[in-house]
Amino acid sequence: MSLQMVSTVSNSSLLQPGFSLLNFDGHVFFFGQKGWPKRSCPTGVFLLDIKRNELKMKPVMFSKDSCYLPPLRYPALCTLRSDARADEYQYIIHGGKTPNNDLSDKIYFINLVSKTSKKMMLQCIEKDLGGDVPEARYGHTINVVHSRGKSMSVLFGGRSYAPLAQRTTETWNSVVDCLPSVFLIDSEFGCCTSYILPELQDGLSFHVSIARGDTVYILGGHSLQNNIRSPSLYKLKIDLPLGSPAVTCTILPGGISVSSAIVTQISDTEFVLVGGYHSDNQKRLACNTIVLEDSKIEIVESVSPEWTPDIKHCRMWFGCDMGKGSVLLGIPGASKQIIPDANYFYILRCKGAEEDKEEELITQICSQTSSEDPGDSTPFEDSEEFCFSAEANSFDADDADTYNEDDEEDESETGYWITCCAGCNIDINTWVPFYSTELNKPAMILCSSGAGHWVHAQCMDLSETMLLRLSEANVKYFCNKHVDLNKGLQTPQKVLCLKKPPMKPLRKKKAMKLSTSTKKSFLRRLFE
């Protein structure tokens, strides 16, 4: 094992306990940022670019057919393949905490759709669940098992908020263990089925789960009800015949009392268990190797890396599996450093350089980040703020798309999060998409009154059809406040009068001059 410190990007406070990492073809993506996404990276997903021991964050875009994905901390995450030996795969994300501390019960599927030298694009799809749908939770695990040519997702554990009937003003955010039920989820159709097994008596969270074939192994975890870290090792075997699935549980010896540990895979059958906690105030510095062969599991203690004094003496640590035998670890910085609340980051490589060139491993793995908060009734992860920090000159000239939080506007006062009118109820902390065209910011429209000002379409009670029509047509729009004023001030258009040609005066006809003989002849005929 080798431990190496990395420098981090300046002025970025996105990385905090509870984040997740996705590995597509050796490229590591960060998910689960602090706060809601901003304009520089509306998806909230970043590519971690690590070169010369410097870590940079680059925004990643979603495809046009993707759904909205909120930043979720402590979700359950694993890879999904069509079969155990398939090369292509996607990630499953279930549950987790939003920046508002709301819990999610949704499930998302993320895959890599395009990759170039400078830009990468992901696709995110939400799947509707039916049947025995798991309640919203966090700190749980999900794995994929394969049996008889079929696959199924296995979800277990986690924490959720106490039922409404048991919550008071003082204990409104109190969390409890979820029931120790095992959920089978059909990834294709979204059908969920729950199983209650007698061997599973206590709810667990921040445990480790490893899947191989048709078996899931559950190790460690913390129980709020008993305030213990379980030393048990559970073996879940899932059989998927043509009829109803069969789920059995066996308690095996040789477990480890640990919570919030990280597992990374170093070969087809070997895993390394790193980090975690023995108790609320005691980190676990030992490492273990887990070997899975022939439906058997063996856990042996392995040589630990040379931990730095900062790691040994820090009160807590957190991190996540980077894939291919590497782990990203973070610890709080010293209180005397120039940048307050900054963190130190390390990359732990659990296998040699030659082994890093092996093909991508196929066994499914799911583990929670080592950042569990002791006594989660007052969430520890929310009482501590952590941030990326390093020298600003770590940027290269060609890295124009590297994320820098200094480039962000203060959206609480300007931009999309303004108070557009007296009845404006758009808030950055509580807003959710209202129109189908919205992704991570509210739709706005320009009022043409005076110098012009922007208003939220939702606050103006605009229908989606009208909003699309106004955005496509080249017409002026006036908000609810100025529409009547505009009508009163508007002068009617001048009507052009048709110019009629002047009438010509009638000319008087000249009297005809008659001779005397003619007059006499006319009179004679008149009186005859």
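Note: Cβ is positioned from N, Cα and C throughout, glycine not excepted.
Small disclaimer: the values here were computed from a predicted structure and weren't measured.
What TrEMBL says about this one:
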| type | residues | note |
| --- | --- | --- |
| DOMAIN | 415-492 | domain 'Recombination activating protein 2 PHD' |
| BINDING | CYS420, CYS424, CYS447, HIS453, HIS456, CYS459, CYS479, HIS482 | Zn(2+) binding site |
How many neighbouring Cβ atoms, not counting its own, are there within 10 Å of the Cβ of HIS482 (Zn(2+) binding site)?
17
Check each residue in the chain of HIS456 (Zn(2+) binding site) that is at least six apart in sequence and keep those whose C-beta is under 8 Å from its C-beta; list them in sequence order.
CYS420, CYS424, ILE426, PRO442, ALA443, MET444
As a test of reading the model: what is the averaged pLDDT for the domain 'Recombination activating protein 2 PHD' (415-492)?
77
Could you tally the C-beta atoms, other than its own, that fall within 10 angstroms of the C-beta of CYS420 (Zn(2+) binding site)?
23
If you count Cβ atoms within 10 Å of the Cβ of HIS453 (Zn(2+) binding site), leaving out that atom itself, what do you get?
15
Zn(2+) site, defined by CYS420, CYS424, CYS447, HIS453, HIS456, CYS459, CYS479, HIS482: further same-chain residues with Cβ within 8 Å of the Cβ centre:
CYS421, ILE445, TRP454, VAL455, MET460, ASN480, LYS481
Tell me, how many other CB atoms lie within 10 A of the CB of CYS447 (Zn(2+) binding site), whichever protein chain they belong to?
22
Where's the emptiest Cβ shell within 10 Å among the binding-site residues CYS424, CYS459, CYS479?
CYS424
